[in-house]
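Everything on this sheet refers to the single structure shown next.
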Amino acid sequence: MPDEVLNDISHRRYNPLTGSWLLVSPHRTKRPWQGAQETPSKNTLPEYDPKCYLCPGNKRAQGDSNPHYKNTFAFVNDYSAVKEEQQDYHPETNKDDAASLLLQARPVTGRCYVLTFSAKHDTTLADMTAEEIVPVINTWTRIYASHLSPSHPLKDQAKQALESIPQNLDGEGEPPKHQLKNMQIFENKGAAMGCSNPHPHCQIWTTSTLPEEPGKELVNMGKYKADTGRHLLGDYVKLELEKKERVVWENDAFVIVCPWWAVWPFEVLILSKRHVRALVDLDDKERLQFAEAIQEVARRYDNLFETNFPYSSGIHQAPLDCTEEEAETSWFHMHFYPPLLRSATVKKFLVGYELMAEPQRDITPEQAAAKLRDCGGELYRKPLQ
């Protein structure tokens, strides 16, 4: 365990991935709660909803009809956050012009996809088996591979992935017209996380720029490798596997941990045990093992408070267009950020001190990991279905 005194005193913890700190206040877990409470999430959805824009055979908001797909279905978002084609904008900066220095803007182009996890409107990743999640990972991998730069260090792995993974006949989209920089795969689960449609799905945003979060991680992983000659997350995986105190679950290829620097109460990381740079590095067996890890997180979350546990999750991997050094610096991992704190009705808010100063948490990552370790086994609602 970490120094026992840290269970009783307020202290700061360092996040080497982002170069930031957070405040930990374990003594505050005993404080009474009279604030806002969420309504517990209940799974009362039908297997098929004729009004759902994502169900098989239904019309979407822009008038296109979905195919009668069986598992996954990918399409370009009808309301994409970025456009592929738009007016050029290349402003110049001038040190003598305050406006050009302080009011900067840069154009961003790209393409956004929606990917359904299942044809069933009432299911979630927690309800699905690892084998049922594999087609989702396969589609992620194919889309990533098809968007890589022709000169990418992983181009051979991408070619092999495209040849070995069956194409999803229900749509993946053509590669974009212009080379893009980054692909962010993410899922918002639950209304508490702003999800606008309960049908199980994720989004895939490809952009011409490298966003802030993966950009900070890449910089800090690069600095660590330059200073030590080792991989930041490689060293971290070894530490967690040795100490065990924040490990929730593991298989041969992946480990789930509540990271030392977690901000959210039950935040977890899925980390590859070997040096995996991106999805295209995974073989068939490892894709199944990754699916097992995702299923473990989703099921344990739901079992924790016996509710459809909300979260935002996302994959960080090598950018679509990068140097050999940047690719080798990357270490494949998946973040899960859930808001629930004490029960199915009480969630954490990032407000006040956390907006004005730095993030803060009460329950320690070690305590959170212990609770999640105890939530294995069959999904709590299975016997009720």
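Positions of Cβ are set from backbone N, Cα and C atoms, glycine also.
According to TrEMBL, the domain 'Galactose-1-phosphate uridyl transferase N-terminal' annotation covers 8-211.
If you look up TrEMBL, you'll see 28-31, Ala61, 77-78, Asn188, 194-196, Gln203, 348-349, 353-354, Gln360 marked as UDP-alpha-D-glucose binding site. Sequence-distant neighbours of Asp78 (UDP-alpha-D-glucose binding site) (same chain, six or more apart, CB under 8 Å from its CB) are Arg60, Ala61, Gln62, Asp64, listed in sequence order.
All chains included, 22 other C-beta atoms sit within 10 angstroms of the C-beta of His121 (Zn(2+) binding site). The Zn(2+) binding site annotation in TrEMBL covers Cys52, Cys55, His121, His199.
The active site, tele-UMP-histidine intermediate annotation in TrEMBL covers His201.
If you look up TrEMBL, you'll see Glu217, His316, His333, His335 marked as Fe cation binding site.
Mean predicted confidence for the domain 'Galactose-1-phosphate uridyl transferase C-terminal' (221-374): the pLDDT average there is 94. Sequence annotations record features per position, and here TrEMBL assigns domain 'Galactose-1-phosphate uridyl transferase C-terminal' to 221-374.
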Q.
What whole-number Å value do you get for the CA-CA distance of Arg28 (UDP-alpha-D-glucose binding site) and His335 (Fe cation binding site)?
A. 25
Q. Within the chain of Lys348 (UDP-alpha-D-glucose binding site), which residues six or more apart in sequence place their C-beta under 8 angstroms from its C-beta?
A. Trp264, Pro265, Pro339, Leu340, Leu341, Arg361
Q. Which of the binding-site residues Cys52, Cys55, His121, Cys195 has its Cα closest in space to the Cα of Glu217 (Fe cation binding site)?
A. Cys195
Q.
For the Zn(2+) site (Cys52, Cys55, His121, His199), what does the 8 A shell look like? I mean other same-chain residues with CB within 8 A of the CB centroid.
A. Tyr48, Asp49, Tyr53, Leu54, Asn58, Asn197, Pro198
Q | Of the recorded positions listed as Cys195, His201, His316, His335, Glu354, the one whose CA lies nearest the CA of Cys55 (Zn(2+) binding site) | A | His201
